Amino acid sequence: MEWKGRDVISVRDFSKEDIEFVLKIAERLEERLNKKGHLEYARGKILATLFFEPSTRTRLSFESAMHRLGGSVIGFSSAASTSVKKGESLADTIKTVEQYSDVIVIRHPMEGAARLAAEVAEIPVINAGDGSNQHPTQTLLDLYTIKRAFGRIDGLRIGLLGDLKYGRTVHSLAEALAFYDVELYLISPELLRMPKHIVEELREKGVKVHETTDLEGTVPELDVLYVTRIQRERFPDEQEYLKVKGSYQVNCAVLKNAKESLKIMHPLPRVDEIHPEVDRTPHALYFRQVFSGVPVRMALLGLTLGVLEG
């Protein structure tokens, strides 16, 4: 597989071999970072970060990743300060920005925006989230986090909790987990169940899938509990949001019958779905998960720029 110039738009564009290759490169980069703190693979290269939606971790970890590779960063964190406010099209914005950069990272509220950007641009485009559709780099760092914690992904029982209808992180993650020998527990309110087509695809690929509303009854079965925020901004109807707001909270009482080895993950930001008391337990893995974004995104940037090899 030729990585130089490759777009990263959807988990569906990856094979299991692709995923394992990225995780291997990320692990190697993390080891080198721990020794040196700063690398020079991308010296002279420029990353453009185009964030049409709010972001803390994704934007900053991409910027950190590029700086740690020795490259530079330009971009914006809000469309309000760009010519989009004057009516400029997404295509024209992309064609303009690629004149200044070597790789583009884009987050946009419209599903399919990253794919459109990739079709227009002649430089690599990396999807940092397009509406409620896909978030492939989050998925890769999630898999990396799990593998670093357990030494494997195969054989694990993994629960996805919360907004499974609109949550792009769980859509991408579920699709990627289908490459592995895992058992999935989909825990959500009835109104926020995983889209039917994703569940059907998982089962067609041989994944054992359980759908439930019962968090406490499911926790003892799990090796990983992946918690998501119920995303108010994704709901077309405020009343629909109010019906499911605060449906679940992971706290020490909920975890009383959990395996000692259970790890809790969250793509963040959290609101109240994980109580802060959980932060002090051995179960909490979400801040290590945040760190994983740096080596994984370093790997993706380096590979697509052609400055890293296997």
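A Cβ is built for glycine as well, from the same backbone N, Cα and C atoms used for every other residue.
What Swiss-Prot says about this one:
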- Arg57, Thr58, Arg107, His135, Gln138, Leu268, Pro269: carbamoyl phosphate binding site (BINDING)
- Lys86, Arg168, Arg229: L-aspartate binding site (BINDING)
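The DSSP secondary structure for Leu268 (carbamoyl phosphate binding site) is coil. Geometry remark: Pro269 (carbamoyl phosphate binding site) versus Arg168 (L-aspartate binding site), CA distance 14 Å.
Binding residues for carbamoyl phosphate (Arg57, Thr58, Arg107, His135, Gln138, Leu268, Pro269) extend across at most 16 Å, taking the greatest CA-CA distance. With Thr58 (carbamoyl phosphate binding site) as the anchor, the candidate binding-site residues are Lys86, Arg168, Arg229, and the one with the nearest CA is Arg168. Within its own chain, Arg57 (carbamoyl phosphate binding site) has Pro267, Leu268, Val290, Gly293 as residues 6 or more apart in sequence whose C-beta sits under 8 angstroms from its own.
For Gln138 (carbamoyl phosphate binding site), applying a Cβ distance below 8 Å and a minimum sequence separation of six or more within one chain yields Thr58, Gly129, Arg168, Thr169, Ser172, Leu173, Pro267, Gly293. If you count neighbouring Cβ atoms within 10 Å for each of the binding-site residues Lys86, Arg107, His135, Arg168, Arg229, the highest count belongs to His135. Spacing of Lys86 (L-aspartate binding site) relative to Arg107 (carbamoyl phosphate binding site) is 19 Å (Cα to Cα, whole number). Secondary structure at Arg57 (carbamoyl phosphate binding site), taken from DSSP and collapsed to helix, strand or coil, is helix. Other Cβ atoms within 10 Å of the Cβ of Leu268 (carbamoyl phosphate binding site) number 17 in total over all chains. In sequence order, Ser55, Thr56, Ala128, Gly129, Thr169, Pro267 are the residues of the same chain, not among Arg57, Thr58, Arg107, His135, Gln138, Leu268, Pro269, whose CB sits within 8 A of the CB centroid for the carbamoyl phosphate site.
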